[in-house]
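Swiss-Prot annotations:
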TRANSMEM  33-53  transmembrane segment
TRANSMEM  77-98  transmembrane segment
BINDING   HIS83, HIS182  heme b b562 binding site
BINDING   HIS97, HIS196  heme b b566 binding site
TRANSMEM  113-133  transmembrane segment
TRANSMEM  178-198  transmembrane segment
BINDING   HIS201  ubiquinone binding site
TRANSMEM  226-246  transmembrane segment
TRANSMEM  288-308  transmembrane segment
TRANSMEM  320-340  transmembrane segment
TRANSMEM  347-367  transmembrane segment
Amino acid sequence: MTNIRKSHPLLKIVNDSFIDLPTPSSISAWWNFGSLLGICLALQILTGLFLAMHYTSDTATAFSSVTHICRDVNYGWVLRYLHANGASMFFICLYLHVGRGLYYGSYLYKETWNVGVILLFAVMATAFMGYVLPWGQMSFWGATVITNLLSAIPYIGTSLVEWIWGGFSVDKATLTRFFAFHFLLPFITSAMVMVHLLFLHETGSNNPTGIPSNADMIPFHPYYTIKDILGLFMMITALLALVLFAPDMLGDPDNYMPANPLSTPPHIKPEWYFLFAYAILRSIPNKLGGVLALVVSILILIIIPLLHTSKQRSMTFRPISQCLFWLLVADLLTLTWIGGQPVEYPYVIIGQLASVLYFSIIIVFMPLVGLMENYLLKW
């Protein structure tokens, strides 16, 4: 008799995805982040669901309802800080996952990569709308500044912004719709994760060498289930340390003040995981130019497969490309730092140089170095 997990219509899908899935024997811990992201998404949906039971999306009571969750709901503070810091863990895992894809040439699985980029946009949109919900000062002004950027779109800009706001400023209508979309998007994201995995399992996983590994595969369970559980424990430990010892470390103190449309905070800035894009936005003096640079800084990931000139897939055996990759990482860290600084000398010029370098590395230097390495290897 066939094993039920191999014959049952539903269990068969689970079996082929997580149990008997043929996996390259050489994949390193950098391949753990997919499962960690899945767990992050599940955690966010779960904590978010319980928070939504106590939250009210009305400008008069939103701030008070968050206070009520933290003070009066049983373990409400744990839920709230797990959700807020869970978002930070989500983005740490996301950026490491994308970085892994760039380093090892995983972007050559174009369908998987493109769905992944759409997923990144979906998670960013969800996080932005979630930041608005507590209705603190930074929530209100962050929403005002970022949505107002759309007014730079020629001809339809102003109408578009007012349509998104549901009025002439960020107000009750804006908060209500942001809550609705913040609740909805994670479920859409979950469906897209299925598509992401569907495309991935069509080709199988890449591996650190970038060489096809069809001849050397092992079952996902028990080898990689155990390996992923180690990564999970490490992430949960880091998250709990953050939640229980420094829950506000990554937040903004201004958000503990209720939203006040008549008082602007001295430095309006988004959450830390958007600071690199915010720095690119601010480094261009023109409004439309800044908005375009902001969008392109993420959208550029879509064209990375087209910019691959090397005859090797992975960077494992390409030292010059490795140097460029780590320069890109350092540049992104610099942009993140600049995004949190005030708009004054020397931060402005550093931000502008880092922004130019960011686009130059991806569009110019990496393809050229790929060609150069081909030439050096006489290929």
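Backbone N, Cα and C atoms are what each Cβ position is placed from, and that goes for glycine too.
The model shown is predicted, which means the values in this text are computed figures rather than measured ones.
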Nonlocal residues around HIS201 (ubiquinone binding site), in sequence order (Cβ under 8 Å, 6 or more apart): ASP16, SER17, LEU21
Winner by Cβ pairs under 8 Å against the transmembrane segment (33-53), considering only 113-133, 178-198, 288-308, 320-340, 347-367: 178-198
HIS196 (heme b b566 binding site) versus HIS182 (heme b b562 binding site) - Cα distance in angstrom: 21
Sequence-distant neighbours of HIS83 (heme b b562 binding site) in its chain (C-beta under 8 A, six or more apart): GLN44, THR47, GLY48, LEU51
Contact call for the transmembrane segment (113-133) against the transmembrane segment (347-367), three or more Cβ pairs under 8 Å: no
Beyond the flanks of the transmembrane segment (77-98) by 6 or more, those residues with Cβ under 8 Å of it: 30, 33-34, 36-37, 40-41, 43-44, 47-48, 50-51, 66, 69-71, 116, 120, 123, 127, 130, 235, 238-239, 242-243, 247, 250-251, 271-273, 301
Number of other Cβ atoms within 10 Å of the Cβ of HIS182 (heme b b562 binding site) across all protein chains: 21
Spatial neighbours, same chain, of HIS196 (heme b b566 binding site) - Cβ under 8 Å, 6+ residues apart: THR112, VAL115, GLY116, LEU119
